[in-house]
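Asker: Mind looking over this structure? Questions follow.
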């Protein structure tokens, strides 16, 4: 055991946990959101002071226990925060969220891919793969951000709902890119098998339905089953452990089947949060999950900051800044405005409509899923001897990491400013 996880690594983990706990009171004193502080603490203890090895940070984030703390932390955060989803508001904003999560993600992948190709000279398909990797927005950033930066519930539900549900679409687009470059890869075995049976474009639609519908149905069934069983046999203090175990079970089963587990986890959390009887044991369960969610987010952002090396920062910082600026201020608006206009085609446009759309278009930080997916091209290229992936994989990975870092820091810092510009009365009522 010590050969795989030496004693010194436990000191690194303890340092990350302590820094995560320190960041919140620091952010309160400075009256800013804690996310940039967590990221900068990671940079300080990683590439600046070398207290934590970047290789160890990457290992913890992406590979620890086979899946990585980043992915397991995302599971906990998604489950915890889906407790708070307002299904009534979610239903009223369904078409906007669905449009952002389909058309918006596709536009993002294509345009961001073209930007990457123009800036780096990469082949078009490699650019598309990069665009697909950075296309999902990040609930891990948005959820704590909207606790500190108040906006009306419908706007926050659109942005958080988009970020909760666009991961499967981004993963599907990455699968398509990998399937085109390395169809023999085990990562896309399900998609490749469907492609052989029903051809390429129908297989994309069928793959999307499997990735979204199947886990959603299972998650809903598990949520209602837990509520029903609790009424019959009273789990009481054991409710927390059982639900956490079920969520990890959902994650494990669907990952083993090459199906994204996130819709199942979100569905279970939403059902439990909206339909349980809210007795003291359910309240304890929710409070525990919220604390675990904050801890997970703190670890994730510190690990993102400490994953860089000084040589990467020196070599790629200008490319990272250029990609981030173009994705935030060009690609994101180009994806959001058409998506919202199509979703609202039959609705009258109120005076504040375009201000709301502008705010939504400028808030969409990248996060955990792009970081996890960014290592995939090089890994697949090495495993299956795909020269184009071996050549461009490292640049895709470091570029995605910079986009995540800069988009998190930039957007968490300027969101309060653009809220005051575009939504001066937000938080006092519903914005339509």
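Cβ coordinates come from backbone N, Cα and C, glycine included.
Whatever TrEMBL says is automated annotation, not expert-curated.
Taken from TrEMBL, the feature domain 'Cation/H+ exchanger transmembrane' applies to 18-417. TrEMBL lists 6-26, 33-52, 58-79, 100-133, 169-192, 204-229, 241-272, 292-310, 316-335, 356-380, 392-414 with the feature transmembrane segment.
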Asker: Mind checking which residues of the chain, 6+ beyond the ends of the transmembrane segment (6-26), have their Cβ under 8 Å from one of its Cβ atoms?
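Answerer: For the transmembrane segment (6-26), the far contacts come to 34, 37-38, 41, 45, 51-53, 56, 60, 294-295, 298-299, 302-303.
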Asker: Taking pairs 6 or more apart in sequence, does the count of Cβ pairs under 8 Å between the transmembrane segment (356-380) and the transmembrane segment (33-52) hit 3 or more?
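Answerer: No, the stretches stay apart by this measure.
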Asker: Okay, the transmembrane segment (292-310) and the transmembrane segment (392-414): do they have at least three CB pairs under 8 Å, pairs separated by 6 or more?
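Answerer: As far as Cβ distances go (cut-off 8 Å, pairs 6 or more apart), the transmembrane segment (392-414) and the transmembrane segment (292-310) touch.
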Asker: Report the listed stretch (33-52, 292-310, 316-335) having the maximum count of Cβ pairs within less than 8 Å of the transmembrane segment (58-79).
Answerer: 292-310
